[in-house]
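One structure follows; several queries about it will come next.
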Amino acid sequence: MADPVKNKLLKEEIITYAYLILYIALSSGQIFFNKWVLSSKEINFPYPLGLTLLHMAFSSILCFLLTKVFKVMKVEEGMTMEIYTTSVIPIGAMFAMTLWLGNTAYLYISVAFAQMLKAIMPVAVFILGVAAGLEVMSCRMLLIMSVISFGVLVASYGEVNISWIGVVYQMGGVVGEALRLIFMEILVKRKGLKLNPISIMYYVSPCSALCLFIPWIFLEKPKMEAHGTWNFQPVVLTLNSLCTFALNLSVFLVISHTSALTIRVAGVVKDWVVVLVSALLFADTKLTVINLFGYGIAIAGVAAYNNYKLKREASRHISDDSQDAQAIPMAASSTPPVYNTVQENVMSRPFDDRFAVALTCAIDSAAEYWGRKLLVISDQQMFLQGLVGIVDL
């Protein structure tokens with residue numbers, strides 16, 4: 001007879017993996033869908049600002065219907081006018097900036113190269129976090145940020161058809177996303193308001209739509225009227241907007257069943273999927289050995305950054321648990337066993353945290369292994385052969 005506890009754990013693990021696969025598939029598919037809509041000759045909708053505005057308006061309407069009309073989901077309480085004006089509006093503005101500039105970059109650079117440039121996100125978040133007093137500069141973090149920056153520079157150097165206009169747009173989107181994350185952290189840490197993703201979408205989407213509508217009137221509306229693009233394909237754009245909303249809901253499902261750290265680590269896997277699959281789907285994507293080598297260095301730095309954040313969060317939880325244990329009086333004089341080993345600490349975690357730990361450590365180990373392999377290659381010819389061998393794997 002099967003153990004019901006084991007069956008329950010197995011069911012939870014299967015559901016967790018299913019949500020993670022759903023998130024990776026929707027996130028990757030949405031990137032490809034946006035690229036296809038913006039650059040495809042069949043769709044002929046090269047208006048990233050208008051497309052992003054459509055996404056935000058669609059999300060606003062659906063969030064209102066789901067939370068206020070059908071009441072399928074609940075919006076978190078605690079929002080005040082002061083919090084909305086000082087936090088939600090900046091978050092909405094930065095979110096609009098991120099999506100607008102990121103989608104515009106697809107008109108100039110390939111999807112793979114755009115993902116490589118996004119790898120520098122932790123550097124932007126850390127620098128802005130230090131400026132806002134949320135992060136502390138250390139030698140270890142400086143080394144990690146240097147590794148990520150060096151990897152992105154190498155990947156950029158290996159780009160065959162580089163467009164600096166596209167690079168500027170993409171880096172602008174990275175800065176906007178970093179500012180959005182900083183404002184989100186300020187909202188949680190300093191103002192004590194914790195919102196689930198559906199609540200964030202409910203409050204942020206209308207604000208983002210308004211921030212996009214104003215520049216759309218002056219920048220893209222005259223172009224659309226001049227080219228007669230109002231006769232766009234409504235079915236395709238509606239499906240595109242629906243996929244965007246489904247992606248946001250998948251983030252809600254993953255975080256509710258796992259953690260924010262897990263989805264951050266799963267994002268690393270998603271980035272590799274996008275880079276490799278885009279080379280097969282789009283003609284403008286031409287990956288080189290230097291591209292992949294630089295991106296591998298950057299991803300190794302991102303993995304080290306995630307691992308550092310994981311250990312810091314774990315130490316914070318351990319300190320909190322020890323303080324709680326000291327506050328509870330002992331009922332007997334016997335001394336309870338103390339488990340301080342890493343293995344006991346990890347296995348006592350729920351499955352979602354163990355998944356994040358395992359995946360992060362696997363990426364770290366792979367990066368360290370290939371780093372050692374590359375160090376022993378001294379001759380230039382052998383160096384290139386070694387890189388080709390890595391790519392073939």
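Using the three backbone atoms N, Cα and C, a Cβ is placed for every residue, glycine included.
Look at TrEMBL and you will find 19-306 tagged as domain 'Sugar phosphate transporter'. Taken from TrEMBL, the feature transmembrane segment applies to 14-33, 45-67, 79-101, 107-134, 141-158, 164-188, 200-219, 231-254, 261-283, 289-308.
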Can you say which of 45-67, 107-134, 164-188, 289-308 has the most Cβ pairs under 8 Å with the transmembrane segment (14-33)?
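Ranked by Cβ pairs under 8 Å, first place goes to 107-134.
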Any residues 6+ beyond the ends of the transmembrane segment (107-134) with a Cβ under 8 Å from its own?
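Those are 31-32, 35, 38-39, 46, 48, 141, 144-145, 148-149, 151-152, 155-156, 159, 161-163, 165-167, 169-171, 174-175, 177-179, 181-182, 185-186, 189, 271, 274-276, 278-279, 282, 284-287, 291, 294-295, 298-299, 301-302, 305, in sequence order.
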So, do the transmembrane segment (45-67) and the transmembrane segment (261-283) meet, by the test of 3 or more Cβ pairs under 8 Å (sequence gap 6 or more)?
no
